Amino acid sequence: MDLTPHPINPTPRPPGELEELKRVWATPKGWRIVTAVNNTVIGLLYIGVAFLFFLMAGVLALLMRTQLAVGNNDFIGQELYNQMFTVHGTTMMFLFAVPAVEALGVMLLPQMLAARDLPFPRLSAFAIWAYVVGGLVFFSTIFYDLAPAGGWFMYPPLTLTEYSPGDNADFWLLGIGFIEISAIAGAVEIVVGTLRTRPPGMSLARMPIFAWSMLIFASMIMFAFPAVILATMMLEIERSFGWPFFTAALGGDALLWQHLFWFFGHPEVYIIFLPAAGLVSMIVPTMAQTPLIGYRLIVVALIATGFFSFGLWVHHMFTTGIPALSLTFFSAASMAVALPSGIQVFSWIATIAAGRERFRITTPSLFVLGFLFIFTVGGLTGVMVAMVPFDFQVHDTYFVVAHFHYVLVGGMVFPLFATFYYWAPMVSKNMLSERLGRWVFWLMFLGFNITFFPMHLTGLLGMPRRVWTYPSELGWDTLNMISTIGAYMLGAGVFLFVFDLVLRFRPGGGGPENPWRAGTLEWLPNDVYSTRSIPFVTSREPIWDQPNIAEDVREGRYFLPNAPTGGRETIVTSPIDARPQYIIQMPGPGWPPLLAAIFTAAFFLLLTIKLVVVAVVCGVIAVAFCLIWTWSLDPGPAKGSVDIGGGISLPTYATGPTSHSWWAMVVLMFVAGSLYLAYVFSYLFLWTVSPEVWAPAGSPALPALGWPATSTFLLLAGAALVVTAGHLLPPAGKFGVAVPLAIFLALACLAGSLAIEIAGHWRTGLSPSANAYGAMVYLGVFLFGQLAFTLVIMGLFTIARHAAGKLDRERRVTFDNLALLYHYTVVQSLLGLALIHGFPRLVG
Amino acid sequence: MKAGNDAGPLTGGIFYLLIGPVIWAAHLLLVYGPQSALCAFRADGMTAVAPFVITALVGVLTVISMAALALVLWRPRQVARLLRFKAAAETDRRFAISVMRLLTVLSFAGVTWAGAVALFLDPCAQLR
């Protein structure tokens, strides 16, 4: 059926429709607010906590600047200073920057896409609570001398048990590893939300730039974070069980950590920057009252930056002894990435210059202009350090500290403050003060430059990073004192912002409507249900180009002006052209995500302090809550099709590649695949470093080929059983014993394959702690075991749903997810068998 | 516009947009991996590959990548057909072609930039 670009529903709408929408989407009151899953509520919590971490890490920065104000200072001792710079960097990168932009995604994306919510609201809630609990516990370690002290990048061998005894480093490894999982959960939500919950008509070519940047941000998380998750896993295993991945004497290599860490760490900079650039691309056109100049070029720049950022990691390792030619590959890529960044800067300047009105100088505009200046300076020093000879000179000096603060604070913090001022009216009854805002900006802008510009000079004068004090006679005192004064000025700006926030920020509706005269959908009239009806979009700035759209949306003249299923729902559209496909039924508030997050955090944190039994109990409880939560999903097709307005009827259930659930599982498989590729890289890297410990010459001979052949047979048999179970699913209301039996046998095949793989190596006498080869072999088994464990839980869950009459030929999303992950596991395991059993035979 | 599915498969669309950067990434992987591994083996005495072989390898891979990128730039419609990429509206199709082409141009610059250095440097020399 054809969709018209004009309002499609007759008005006035039937009485009671709006009240039902309000009832369905109502935010829980009182202390039950913690069970809320609405994106505006948890998004606000998310950004509030991220900002709290910014403040706390900022206080640490001020303390460190106080220590460095003069030479030979003893205000802070060396050990505490080491902990402070580690917690400052870690908090800013992992607990503030990434969560803050992810929070903005959760809060703004549904509004910009006129969706009622993101497709997995409980997953968002889980991710956020996990981050809140885990983050607060991690930060608190600074108060009782348990904080890590190895720098935010935790390089071994310094962080191995020999040089970092105690639990301090473990708090970093398990705490941050856990928070990365939370970030990945958010990324799944954002990828699926951006591609599948856009309003009808909003094809990719009409998507707001912020949505593009969040899509690329989330995709980058999918490929970057697994590398550091694997690295943290390896380092924690080495610290706890002595598997020597990073110990040179046993064939390991500390440089492997650097490769894995920076394969994550450099894209991380762009993971932080791209959403901020997306925000700027939304603010600039509004302030210039003109469409963004070079929309296509900006999309190109975002994609290119995202891609190229994965080819730069070695530029953090220029001084590690890698051959010169290798360095130049990465030097070239580091300079090439400046091109797309430059494209964006020139597009913003062109938009400002070409404005239909003179560019309005408001507080958000000031922060945007401040960002342009600071980020450009940071970009220029970035090109300087991309040159190998220059980097050799300034490596590990304060020049680098100045450079990355210019990039990160300029590239992310200033746009974030612009965002606070710009989007506050969307979630608050009052706007923030323009008058105070200008004071905040100038204090922050001047304070920032007074702090960090002198650091370029301090670095060129030779002051190394991470020193807790320095002798006065080296001539660094004056520059350091200036930096410290600037830091307090910057702090005063942030304090004034907090004061303004306390004074004027009042969450809730009723604020001014579209005060900046913006053109994008988040400025449509909003309530707890997002927009009253979901518009048909015909341009990139619908509010500018579609007269009366706000009024039509408010009156319910567009799609889904009601709650036809009686619950929470939104329209799912096709990923490229945004054609309506089906109605997604979404869960409402509930305790399970919160409790699952608390117990998951407890599992990781208790494991850190070696309370293994209690940790395992918490882990079991966390899994139980996850199962309770997922039990209420997969509502089935019982509600049939519903009318969404304009004579269009959409199904309320979808399976297979159309389903949002299928998409989430595919995204998760990309994450798992990325982690496994990082493992394959690590295996081959350590072989190039220490071929002498590899089997058969340096380790026990490999198991006979019968062992991997049996494993392979079991894996393939399991996959065949899963396919068979899919064909045997009975019609609704019937129970077929063949399905549970096939799933159970498939799980048994998987467990058998895993057991054979372990036994095969164990019988040869190979020990994981003997050398790096043994460690890598058993790590491969461990990764297989993780997936097998997950599949066993999912398999038993699937059987239980079938037994409860909640899974059949039509209602099969749970089974489809199990099948997808099972087949993925089979492919990964077959690759693993080829690598572990084939590669040493090939090269030996 | 109709309710229903996209005009073409999403994977084709994604790959079409990203074909330039994908070739760039493949080039980086293929020049960096073998070059660094061969240099490591030379240092360990495990192989006696002559330096010019490594330089030639980088050069050949660079030329192949540049040719592939040039082909994509020259024949975008054929590449779209090959990848089964379709857009429902003409504006969307033009948008996709221009984004793909610009990304390919940037990738071409990246490949040329990285590969050209092989002409000037000893492939396994250390800087210290």
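The backbone N, Cα and C atoms fix where each Cβ goes, glycine too.
Heads up, TrEMBL stuff is auto-annotated, nobody curated it.
Record features (TrEMBL):
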- A:19-550: domain 'Cytochrome oxidase subunit I profile' (DOMAIN)
- A:85-108: transmembrane segment (TRANSMEM)
- A:209-231: transmembrane segment (TRANSMEM)
- A:270-288: transmembrane segment (TRANSMEM)
- A:295-315: transmembrane segment (TRANSMEM)
- A:366-390: transmembrane segment (TRANSMEM)
- A:436-461: transmembrane segment (TRANSMEM)
- A:481-503: transmembrane segment (TRANSMEM)
- A:589-607: transmembrane segment (TRANSMEM)
- A:613-631: transmembrane segment (TRANSMEM)
- A:705-723: transmembrane segment (TRANSMEM)
- A:735-756: transmembrane segment (TRANSMEM)
- A:776-799: transmembrane segment (TRANSMEM)
Subject >> Stretch contact, the transmembrane segment (A:436-461) with the transmembrane segment (A:295-315), Cβ-Cβ under 8 Å, 3+ pairs >> reply: no
Original post:
Are there three or more C-beta pairs under 8 angstroms joining the transmembrane segment (A:613-631) and the transmembrane segment (A:589-607), sequence spacing 6 or more?
Top reply: yes
Original post:
Do the transmembrane segment (A:209-231) and the transmembrane segment (A:295-315) come together with 3 or more C-beta pairs under 8 Å, pairs six or more apart in sequence?
Top reply: yes
**OP:** With Cβ distances under 8 Å as the criterion, find the stretch in A:270-288, A:295-315, A:481-503, A:613-631, A:735-756 that has the most pairs with the transmembrane segment (A:85-108).
**Re:** A:270-288
**OP:** Six or more residues out from either end of the transmembrane segment (A:735-756), which same-chain residues have a Cβ under 8 Å from its Cβ atoms?
**Re:** 707, 710-712, 714-715, 717-719, 721-722, 724-725, 728-729, 781, 784-785, 788, 791-792, 795-796, 798-799, 802-803, 805, 818, 822, 825, 829
